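Enquirer: TrEMBL lists these features:
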BINDING   Asp468, Thr470, Asp885, Asp889  Mg(2+) binding site
BINDING   Asp468, Lys469, Thr470, Glu602, Phe644, Lys668, Arg697, Thr777, Gly778, Asp779, Arg859, Lys865, Asn888, Asp889  ATP binding site
COMPBIAS  521-531  compositional bias 'Polar residues'
DOMAIN    127-183  domain 'P-type ATPase N-terminal'
REGION    521-547  region 'Disordered'
TRANSMEM  180-199  transmembrane segment
TRANSMEM  383-403  transmembrane segment
TRANSMEM  409-428  transmembrane segment
TRANSMEM  946-968  transmembrane segment
TRANSMEM  974-994  transmembrane segment
TRANSMEM  1024-1044  transmembrane segment
TRANSMEM  1050-1071  transmembrane segment
TRANSMEM  1078-1097  transmembrane segment
TRANSMEM  1117-1141  transmembrane segment
Amino acid sequence: MADQIPLYPVRSAAAAAASHRRAAYYSAVGPGPGADRRGRYQLEDESAHLDEMPLMMSEEGFENDESDYHTLPRARITRRERGLEWFVCGGWKFLCTSCCDWLINVCQRKKELKARTVWLGCPEKCEEKHPRNSIKNQKYNVFTFIPGVLYEQFKFFLNLYFLVVSCSQFVPALKIGYLYTYWAPLGFVMAVTIAREAIDEFRRFQRDKEMNSQLYSKLTVRGKVQVKSSDIQVGDLIIVEKNQRIPSDMVFLRTSEKAGSCFIRTDQLDGETDWKLKVAVSCTQRLPALGDLFSISAYVYAQKPQLDIHSFEGTFTRDDSDPPIHESLSIENTLWASTIVASGTVIGVVIYTGKETRSVMNTSNPKNKVGLLDLELNQLTKALFLALVVLSVVMVTLQGFAGPWYRNLFRFLLLFSYIIPISLRVNLDMGKAAYGWMIMKDENIPGTVVRTSTIPEELGRLVYLLTDKTVTKAKALYSPARTLTQNEMVFKRLHLGTVSYGTDTMDEIQSHVLNSYLQVHSQTSGHNPSSAPLRRSQSSTPKVKKSVSSRIHEAVKAIALCHNVTPVYEARTGITGETEFAEADQDFSDENRTYQASSPDEVALVRWTESVGLTLVSRDLASMQLKTPSGQVLTYCILQMFPFTSESKRMGIIVRDEATAEITFYMKGADVAMSTIVQYNDWLEEECGNMAREGLRTLVVAKRTLTEEQYQDFESRYSQAKLSIHDRTLKVAAVVESLEREMELLCLTGVEDQLQADVRPTLEMLRNAGIKIWMLTGDKLETATCIAKSSHLVSRTQDIHIFRPVTNRGEAHLELNAFRRKHDCALVISGDSLEVCLRYYEHELVELACQCPAVVCCRCSPTQKAHIVTLLRQHTRKRTCAIGDGGNDVSMIQAADCGIGIEGKEGKQASLAADFSITQFRHIGRLLMVHGRNSYKRSAALGQFVMHRGLIISTMQAVFSSVFYFASVPLYQGFLMVGYATIYTMFPVFSLVLDQDVKPEMAILYPELYKDLTKGRSLSFKTFLIWVLISIYQGGILMYGALLLFEAEFVHVVAISFTALILTELLMVALTIRTWHWLMVVAEFLSLGCYVASLAFLNEYFGIGRVSFGAFLDVAFITTVTFLWKVSAITVVSCLPLYVLKYLKRKLSPPSYSKLSS
């Protein structure tokens, strides 16, 4: 049972792998001698093996059971028999790929990553060679392009088959036609494919070149010089301006900000939209001028490059001072590549470049994506090849094995080679190009770009959509916004216990704040220092019931003080052209002030206090200043700061009012953390629940007034705790918690993260279409949960199971048991817990998560996002789509079957690596429901129709050969066969790419139509078999009809049968089309006209056999009534029954789309 599972870690990886291999082998051999060996194995190693068993679901919970072991994909893969069947079905490809990978690994062995010493401004002192600092999204280079493209094409059985057939025509004994009839189509296919790949690769090259050519200022002994991003080296001193992308991983040395710190935006790296505060190395920040960086001898010791973007260990050493200066470096002193400088100008020393940067290491290599439709058609071509071989063997058998029968066998294989039409790949590739053109020309989704033109049909087969919370979009040319959210927090609610204020009553709060500060100002106008002790003594008197005005005043002041927000004033250009910064103590104008913080919630709160009259005008590491409605500036000294952590879920600050010397401890945080800290109340829990149901992000604000003696006692204990060597974190937390007792509850705030337009309807449309939506974000758990609720990713009535943090196998086991007992609830899980569960219970977690209506994964790293996508593909075998905007989403986008990037002001990295690029999240609805659906249905119809075109002529060839004693003589020769696959039928068949079963408006209004596509009913073995039967019927009618009606002149058989064949194909196109387009009509008549005109010029090709028995087609015969009625009769018999069947099916069992169109 579940409680009997050992909770200690599993054995070594080697032992576990060996155990799995033994278990799979003994399972495969079945009863017999292997059974006894298996039984002995279980008796000898049962206890150890039990610990490696996955969990089995039962009524009581999870159990260890060996029967469930074999349900895992890895067990199924191990049990495959490595026989001839495996080799034929794809084993040869596996072996070739393995050999190629081995050769690549041998030729391109990865250099071992090592720690490094980097001297400031001296790249030449680097002991080892480091990679170039370039971005590369290209799949090939100059030397691998042609071999790579040819390999990607000839790994498909269809193309490989025609290559072999074409090469066989160089053998005289096997030659049955002209070389151009085989090599021309194959060459055309390869030329189109290479041209398409070359265009896509060139576009990727141009985009990479644009990023690598961005100019940066490099500091040298001679001053500033401009260098390209790709020319930056380890050890360079790089200057990065505000709103500029950081080109490489650097250690932060200096900034133009007085405080010695700056903010950066990391949404392109980790998905978090909160700005991060970075601190410059104090030794270099104190230098008088930039040039002094070259007058000192200093170096940075950096750890070896690694994936973790949230940690860094290093040291800064200046060895020319006495004594040498040593400073420890942490993540606060780093500037990672692909982040954006949000404030000031920064100077850093480069420590990692190119593929050693954190952003690139968290990005997987691009791969060549193959659509599911292409794989399905590849399987069908294998079935056609099997039919081809069987038919050829039957013909040779009936002919007899006398003489060189093997030569006749190969000739029949070549005669029936049109069963697998070479034009299939041409038509599909041209269709894909047409779909891409239609997508980019759609005025309803402007700015959409198709970057990979080989998988538009994937948009119509999606089951899982994995999206980041925030994805930049461009409504105008440079206006940033977001996918699910705009990441613009808006203050919505203030609750004081007995009264609540919303957006429509904020003017009352403003009035109360104004009156409060006017009264205080009048009372303190004659203030003298001797009155300060009196007010401090009054503050310690027993509390009395306060008025609403005073409560509002205290709540607003607490919100204006308890935060980590810094006001920054926009730069202006001086006379010399140099950038000047308006310091806070010089310019308090509201026009050029912006707020920067690590949390958008705090910015929203500070903006709100500004709107009601209390404005934050200045802040540094030691103090902050507030401006009252009357214009008075209040100064507060910052005594202590307790930053927010995911463990504590709260932040605090201790400030001293310089005017009154009053010391106050303010704190705010999540309700679960603050409920046990504040004084007893009867409204907090209820109001938090009400705001959460509205999708608001709540914060509880409280305060505690401290005397000077209380603070001095706290400071001494706090300083002593920080100097501890052992258990420093625990001791510091214990000291802080001594203050967090019986705090006065001031207010409850509610902030809303505004959604982008039409997010909720789009998500509802996707759910109705049968698409399951997973949100993978780097944000905190609380943030992700609020966004899931407000965006209606999780309905308000739906339960949410928050996966408890787990650190080992036992905890993961218990939490999975608890999660399994939940029904119809959304799952919220953190990246750390996800990593533990995937390590031990991968299959079980994915299986349970796939049953949830929605899944939210928070605090996910880029590699975890890609891992989740890969797991979904492997375990569900369903098509996945990943959508993102930043560099942290590139791996996820490339791992998915279909990647969509949102391009905006800063969201270019995801767009460059994606298969499709859009500008707004709501565009994905039309992209999938209209273009994805049409692309899949059109390609399915086009592929099967092209196969039908090859099957019908091969059937006619088989009938012809069987009538003439199984002679291996071609029925149609030369230009007739080339024309049949091109000008005679290509335009009408290709016009199927314009067909649609319902109008775009109906497809969007009824997204349930999309759900049918995920079942693959448009292209399956059932539909393929129907087309095979149609081809056999029509081919037999056409050939036997021509043989019965040719009368005395046998030479007319070819003319009658071929003309009837062309007319039949044109009528079959008309039968397949559901919505007519004027180009379809033009294609039908144009093809018919080309055929009629060719009768007069290609009459010599209408003979029988290569010599034609000395007879050519009589041109006058095609104008006679006899020719016309014979052709018409054969055509009607071949097509009329199919029209009748289609009519009856539409009346008796109409498809869902026909009900809407009618």
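Yeah, the Cβs are placed from backbone N, Cα and C, and that goes for glycine too.
Unlike curated records, TrEMBL annotations are generated automatically.
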Enquirer: How many whole Å apart are the CA atoms of Asp889 (Mg(2+) binding site) and Phe644 (ATP binding site)?
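Expert: With the alpha carbons as reference points, the distance is 26 Å.
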Enquirer: If you count Cβ pairs under 8 Å, which stretch among 409-428, 1050-1071, 1078-1097, 1117-1141 touches the transmembrane segment (974-994) the most?
Expert: 1078-1097
Enquirer: Which binding-site residues are spatial neighbours of Asp468 (Mg(2+) binding site) here, meaning Cα within 10 Å, out of Phe644, Arg697, Gly778, Arg859?
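Expert: Passing the 10 Å Cα cut: Gly778.
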Enquirer: Sorry to bug you, but what's the C-alpha spacing from Asp885 (Mg(2+) binding site) to Arg697 (ATP binding site), rounded to the closest Å?
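Expert: Distance between the two Cα atoms comes out at 24 Å.
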Enquirer: Specify the secondary structure state of Asn888 (ATP binding site) as given by DSSP, simplified to three classes.
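Expert: In three-state terms, Asn888 (ATP binding site) counts as helix.
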Enquirer: With a Cβ cut-off under 8 Å, give me the same-chain residues at least six positions beyond the ends of the transmembrane segment (1117-1141) that come close to it.
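Expert: Contacts with the transmembrane segment (1117-1141): 1030, 1033-1034, 1037-1038, 1041-1042, 1045, 1049, 1052, 1055-1057, 1059-1060, 1063-1064, 1067-1068, 1071, 1095.
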Enquirer: Going by DSSP, is Arg859 (ATP binding site) part of a helix, a strand, or coil?
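Expert: DSSP call for Arg859 (ATP binding site): coil, neither helix nor strand.
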Enquirer: Report the mean pLDDT of the predicted model across the domain 'P-type ATPase N-terminal' (127-183), rounded to a whole number.
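Expert: Mean model confidence (pLDDT) across the domain 'P-type ATPase N-terminal' (127-183) is 81.
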Enquirer: Between the Cα atoms of Phe644 (ATP binding site) and Asp885 (Mg(2+) binding site), find the distance and write it as a whole number of Å.
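Expert: Phe644 (ATP binding site) to Asp885 (Mg(2+) binding site), Cα-Cα distance: 27 Å.
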Enquirer: Could you give me the DSSP helix, strand and coil counts for the domain 'P-type ATPase N-terminal' (127-183)?
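Expert: Reading the DSSP string over the domain 'P-type ATPase N-terminal' (127-183) gives 29 helix, 0 strand, 28 coil.
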Enquirer: Rounded to an integer, what is the Cα-Cα distance in Å between Arg859 (ATP binding site) and Asp885 (Mg(2+) binding site)?
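Expert: Just about 17 Å between their Cα atoms.
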Enquirer: Counting other Cβ atoms within 10 Å of each residue's Cβ, which of the binding-site residues Asp468, Asp885, Asp889 comes out lowest?
Expert: Asp468
Enquirer: Just to be sure I understand the packing, how many Cβ atoms besides its own are within 10 Å of the Cβ of Phe644 (ATP binding site)?
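Expert: Phe644 (ATP binding site) is surrounded by 20 other Cβ atoms within 10 Å.
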Enquirer: According to DSSP, does Asp468 (Mg(2+) binding site) sit in a helix, a strand, or coil?
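Expert: Where Asp468 (Mg(2+) binding site) sits, the three-state DSSP reduction gives coil.
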